[in-house]
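As recorded in TrEMBL, the features of this protein are as follows:
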- 22-143: domain 'EamA' (DOMAIN)
- 160-296: domain 'EamA' (DOMAIN)
- 12-30: transmembrane segment (TRANSMEM)
- 36-55: transmembrane segment (TRANSMEM)
- 76-93: transmembrane segment (TRANSMEM)
- 99-117: transmembrane segment (TRANSMEM)
- 129-145: transmembrane segment (TRANSMEM)
- 157-177: transmembrane segment (TRANSMEM)
- 189-210: transmembrane segment (TRANSMEM)
- 222-242: transmembrane segment (TRANSMEM)
- 254-273: transmembrane segment (TRANSMEM)
- 279-298: transmembrane segment (TRANSMEM)
Amino acid sequence: MGTETRPSRLLLLAAYGAIYGVWGSTYLAIRFTVRTLPPFLTGGIRFFLAGLLLYALVRPRTEAPTPRGWLQAHRIGFLAFFLSYGAITWTMVRVPSGVVALIVALEPLCFLLTDWFCFQGPRPVRMELWGLALGFGGTVLLLAGDPNVSFHGTGGVYLLGALAVLATSFAWVYGSLLTRTAPVHPDGVLAAAMQMIAGGSQLLLLGTLWGDWKHLGEASLLSVLSLAYLVVFGSLVAYTAFTWLLKVEPVSRVATHAFVNPVVAVFLGWLFGGERVGPETLVAGGLIVGAVVLTLWARKPEL
């Protein structure tokens, strides 16, 4: 990533704003959506429609995808959407929410190590590791101060669910990193659209087999509007920004969204959901901001 090919600072800020702010807001939007809509089907609708809209916008100005490209798109869609969204949905009713959130908070480290071991990425530097450790600590504090988060569970289903979350996190990380090299399509934006169409269609099939369609009549206006927000902003805008950032920025920087998103979610929950924000939340937010700064500056020569 030489300086002569670096994108504009404004474009980078807009992309980071999307994966930090928009993805942070999707926690609340998903909660509103699944109040009256089934999760597998809404996940499928979200990604499939977002991919279809993006495909319609980009396809006229570029070459047609190949069958091999669609096969690669389904490969990424299976890892990054079907497994991630499907397994998280299954585990959320079997594993305490705090355990799920803590495992997901390990994603930045997983991104860094997977990129290094599996994709010949750069060896992690000390400041990156300190930043990730600080961010994880801030996330632990954030969750510990949330009365809605549980860490208690028993039995083999609990252990199986926790292992499923861990495997799911790796699937999301590996699938995301694969978007940089998999021959889906020369146009990165169209490639992102194809991946969402593929993953969304797989989730739609799962929702159909699960019998989700019969619950559509129960949808509230709030759930429908929240789903529309997830389609346009959570997927079409933010996921496209995410896949682009993975190609132009160090993985450690892009992965910091996993620390920032819960902070945004807590703030929005306080603003719109009447949730409590105590002193420990503010301290946790400060730690996470410090972690992001450390990680962003870890490879200062590349800025």
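Every residue, even glycine, has its Cβ placed from backbone N, Cα and C.
Relative to the transmembrane segment (189-210), the listed stretch 36-55 leads the set 12-30, 36-55, 254-273 in CB pairs under 8 A. Ranked by the number of CB pairs under 8 Å to the transmembrane segment (222-242), the listed stretches 12-30, 36-55, 279-298 are led by 12-30. For the transmembrane segment (279-298), the neighbouring stretch richest in Cβ pairs under 8 Å, chosen from 12-30, 129-145, 254-273, is 129-145.
Under DSSP, residues within the domain 'EamA' (22-143) fall into helix, strand and coil as 99 helix, 0 strand, 23 coil.
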